[in-house]
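Q: Quick paste from TrEMBL:
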type     : residues : note
TRANSMEM : 6-31     : transmembrane segment
TRANSMEM : 67-86    : transmembrane segment
TRANSMEM : 98-117   : transmembrane segment
TRANSMEM : 137-158  : transmembrane segment
TRANSMEM : 164-182  : transmembrane segment
TRANSMEM : 194-222  : transmembrane segment
Amino acid sequence: MNENLFASFITPTMMGFPIVVTIIMFPPILFPSSKRLINNRLHSFQHWLIKLIIKQMMLIHTPKGRTWALMIVSLIMFIGSTNLLGLLPHTFTPTTQLSMNLSMAIPLWAGAVITGFRHKLKSSLAHFLPQGTPISLIPMLIIIETISLFIQPMALAVRLTANITAGHLLMHLIGGATMVLMNISPPTATITFIILLLLTVLEFAVALIQAYVFTLLVSLYLHDNT
């Protein structure tokens, strides 16, 4: 195989223009709104899933934090569907791009922090200096807490990017090894193919788990600031 190992992570283009915007707009098509009086099974499952997500994510929030329910549900469904679509052959996974993940993490984190400073100024400032801190450690702790605050969106984006990218690379490597071993040692190729199938199932789980973790952390940041 002469294909570059990172070729699947290159932003696809058509006639020299990137089509990543079209790819990002595709997942919402999978969740259409129903205009029927009685929903079919797909829409019923979609509504059940949305209610489950709202119940899980919004249980700890105040009424002010629950106003973010639509954003939280949209975020987890978008990331989950994008990750799952990226597992199909000859597709592109936008969540492997750090720039896109940062573009999701930074506004959500900033919105939660600004909400905290706007409505809970004293409580938000208190996070920079734990109660009972010795006077000599106050400057150092303030610097450390400030750095940790600004690292939060980077940690969100890097976690999602690293997990999705690592899984795709591992599948690519094992798939390439399976193709090479088919002509050398068919029994060994069978074993690697079984490993590839198990890894594919694991990647489906990772795609959903990473969407849940990303959204849950955003929800926790919001909870700390409302």
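Here, residue 1 is simply the first one shown, and the rest follow in order.
Cβ from N, Cα, C; glycine included.
Help me understand the surroundings of these features in the structure.
A: Within the chain carrying the transmembrane segment (194-222), a Cβ under 8 angstroms from the stretch's Cβ atoms is held by residues 57-58, 60-61, 65, 68, 72, 75-76, 79-80, 83-84, 86-87, 95, 104-105, 108-109, 112-113, 115, 152, 156, 159-160, 163-164, 167-168, 170-171, 174-175, 178, all 6 or more beyond its ends.
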Q: Against which stretches of its own chain does the transmembrane segment (164-182) lie, if we need a Cβ under 8 Å and a gap of at least six residues from its ends?
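A: Non-local partners: 1, 5, 8-9, 83, 86, 93, 95-96, 188-189, 192-193, 195-196, 199-200, 202-203, 206-207, 210.
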Q: Would you kindly list the residues that approach the transmembrane segment (67-86) from elsewhere in its chain, counting only those six or more residues past its ends and only Cβ-Cβ distances under 8 Å?
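A: Beyond its ends, the transmembrane segment (67-86) has Cβ neighbours at 24, 26-28, 30-31, 50, 53-54, 57-58, 61, 92-96, 104, 108, 160, 164, 168, 204, 206-208, 210-212, 214-215, 218-219, 222.
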